[in-house]
Amino acid sequence: MNFLRGVMGGQSAGPQHTEAETIQKLCDRVASSTLLDDRRNAVRALKSLSKKYRLEVGIQAMEHLIHVLQTDRSDSEIIGYALDTLYNIISNEEEEEVEENSTRQSEDLGSQFTEIFIKQQENVTLLLSLLEEFDFHVRWPGVKLLTSLLKQLGPQVQQIILVSPMGVSRLMDLLADSREVIRNDGVLLLQALTRSNGAIQKIVAFENAFERLLDIISEEGNSDGGIVVEDCLILLQNLLKNNNSNQNFFKEGSYIQRMKPWFEVGDENSGWSAQKVTNLHLMLQLVRVLVSPTNPPGATSSCQKAMFQCGLLQQLCTILMATGVPADILTETINTVSEVIRGCQVNQDYFASVNAPSNPPRPAIVVLLMSMVNERQPFVLRCAVLYCFQCFLYKNQKGQGEIVSTLLPSTIDATGNSVSAGQLLCGGLFSTDSLSNWCAAVALAHALQENATQKEQLLRVQLATSIGNPPVSLLQQCTNILSQGSKIQTRVGLLMLLCTWLSNCPIAVTHFLHNSANVPFLTGQIAENLGEEEQLVQGLCALLLGISIYFNDNSLESYMKEKLKQLIEKRIGKENFIEKLGFISKHELYSRASQKPQPNFPSPEYMIFDHEFTKLVKELEGVITKAIYKSSEEDKKEEEVKKTLEQHDNIVTHYKNMIREQDLQLEELRQQVSTLKCQNEQLQTAVTQQVSQIQQHKDQYNLLKIQLGKDNQHQGSYSEGAQMNGIQPEEIGRLREEIEELKRNQELLQSQLTEKDSMIENMKSSQTSGTNEQSSAIVSARDSEQVAELKQELATLKSQLNSQSVEITKLQTEKQELLQKTEAFAKSVEVQGETETIIATKTTDVEGRLSALLQETKELKNEIKALSEERTAIKEQLDSSNSTIAILQTEKDKLELEITDSKKEQDDLLVLLADQDQKILSLKNKLKDLGHPVEEEDELESGDQEDEDDESEDPGKDLDHI
């Protein structure tokens, strides 16, 4: 308490004593009064005094106020007064207009009161429970008090909330509050809660924070919204920055797609308010958080692809090429586009296709490079363009080739109507502005990064320096400017370009050494004792000379490795050379540039090193040091071993290619076998359908035959019923003649039916052709068996190829062992003969195994040829099956035609039978008219046989009776 009293300093005793007594009396009322109204009025009075007499109220009343929160929860009014009073005691916001010393004292006072409050963790838990109250007068001051506690002692309060049951979940409900004041202050509370605490960030994210925050941003109008949008964006950054789990959750939840409307800035005349600029700036930063180069590569790549697929990258490029965009927004947009396309081939290709809305249209890359080499543009904008160009070329060999091609003579526009990227880079490289020199040199170096092909292509570039003089190569022009003693920034940029160009490119080293003035210039620069400003240039010259030694293929007799090392030892000294080489990594700006890919410098004079170049220095510094101290014999042995290993690599690569080709051939054969199998199945299906159709025709024929038999029986019954008793002789004679005629017709019909039966029998015999179908099915089965055999043989070939791959792996392992033994040999000269014997033995062994592999490959080719012949035979068999099926189809058509004819003839027979039935019916009617009884149809059927017998015994009996 004494410390807290001392914070406010010495003040007049009179008033302080009076206010202290008043505060004491109010505290006594709060503690001892039994009436709720008295306690409420006392707390309200303490609230009014707490802003002016913060120390006194805090010292005397804090304990009583906490007790009120515990005991009087049923009365929201007194709880609200108590929370407001505690907020006034702990918060420092009211002290902003006080002098600086007083402000510092008040901040200490707020921290002390916060420490007293959270000393009992139950107080924070109590405050969290009060936030569940929906009453505005309780929830709002509770939110403000907890926010103030987090601002004062954030980590301690975060830990208490983290271990409290449902602590974070209670706070998440604030985002769903319908009262904007509470919702907005809830966002501020979550900002303070999630700052620098990954565990709380994960809990908040999985409590559906992303969905709620994005909804608030959308409701408030996206970038056109107010400060609430700004607060939500800051909270989103807290949740996502350096938190891989939340970033992955954000991407998988498809929240990246919801960011696209943020960048629909609309009409350029709509204006850019300060709040809109701030909001858009934070939105761009949030995109960069998701694709930051410091994130895991897999997470960054997936976010980049999602941004392209949902159209976010396209929207950013629209802002990039728009007019009227504020400078800081344009700069941040360039940086954002840079990281969205960095290392992503699809995004880089799209960016290369973007054109500026000019007449004629120009590529966006060209427009940006024009800004980079223009010294009148802001420094931060030029840095952003350089970063964008670097990201466009990062791991993009296609883009590197396109940039270098604009420098080659065959692609330069002779009319001069358009400016290419290469022309702009050359213009910047040889400009009078040192910053343009440095930017152009670094940009061109990135076009050569890890791309030996483009390094060789760039050697073809010729520059016309002046009228009447022959053209000069770009490499020579760079060394000429370097030797003219220009500004340090220019020389550093050119030296970085030359080091990048010559590394891993012996042809470029040869071109560089071919100019006799280059080596003396470098040795002279290194040997001189210059000031601290020139030490960096000396270190870069030493690095360039070391690269010329390490990547030298000894094609120039006057500048072979050994001669260059002797020159260094004679003119510079090896120790001095290594010391100068170490100046690079010891420079204060080297470590700053090595941290991040983005060229972020406070001012132009700090723009010295490039991030990718620092990686090159780290890679080459050690090997150059070793190369300087190596003897000529060690170099020769190392070269021989390298050549041997290269030969082995070439042989292994050759056989890998052969095996790859064989794999392709086998895959083609598999596809062909699969195709033949499908065709065979189709043919079998067709044959089955034909057999079923023929069976249907047979069934139809049998049915027709049965129907014809029934019709004949019915006709016989009618004819026999015509023999009646009691008919006149002339009538009987006439009837007999008619019956005879009907019999003749019946015999004629019977003969026709017999012919039809014979025809149908022929049809039955023709159905024996179905055996051909069975034979075709047998052929198909044989085809299936042959296909299975082919599959088995292909599997055997595949296993043989796998064994060859294992052999090649063994060869690679032995090659690695050879390399290790060679390095061991380089360290120990005494075992020279033994090492050479081992290498020769291993080489012979490798060649023997490779010969065996070649023989096996030849056998595989023969087997593949045999498979091709078998496939041809299968195809011929399938063709014969097709012809058989065609014959079956023809015979089936003939059968169908004959069956149709037989149906027509049967219809004619039925018509004749109907006529006969009509005649018989008329005869029966005549007999009835004559008075002779006529038997019914059933009686006739039952007595057919008896009537036939009577007629045969006494044909004249009926006449006698009459």
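Cβ coordinates come from backbone N, Cα and C, glycine included.
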Position flagged as phosphoserine [Swiss-Prot], chosen from Ser102, Ser942: Ser942
Per Swiss-Prot record, range annotated region 'Disordered' [choices 679-699, 763-783, 889-909]: 763-783
Residue carrying phosphoserine as stated in Swiss-Prot, selected out of Ser50, Ser353, Ser434: Ser50
Under 8 Å by Cβ from Lys202 (N6-acetyllysine), counting only residues of that chain that are 6 or more apart: Asn243, Ser245, Asn246
Packing count at Ser50 (phosphoserine) (other Cβ atoms within 10 Å of its Cβ): 23
Average model confidence [pLDDT] within the repeat 'ARM 8' (363-408): 95
Cβ contacts under 8 Å made by the repeat 'ARM 4' (166-207) with residues that lie 6+ beyond its boundaries: 125, 128-129, 131-132, 136, 139-140, 143-144, 146-147, 150-151, 154-155, 158, 160, 213, 216, 228, 231-232, 234-235, 238-239, 242-243, 245-246, 249-250
Counts by DSSP class (helix H/G/I, strand E/B, coil) across the repeat 'ARM 8' (363-408): 33 helix, 1 strand, 12 coil
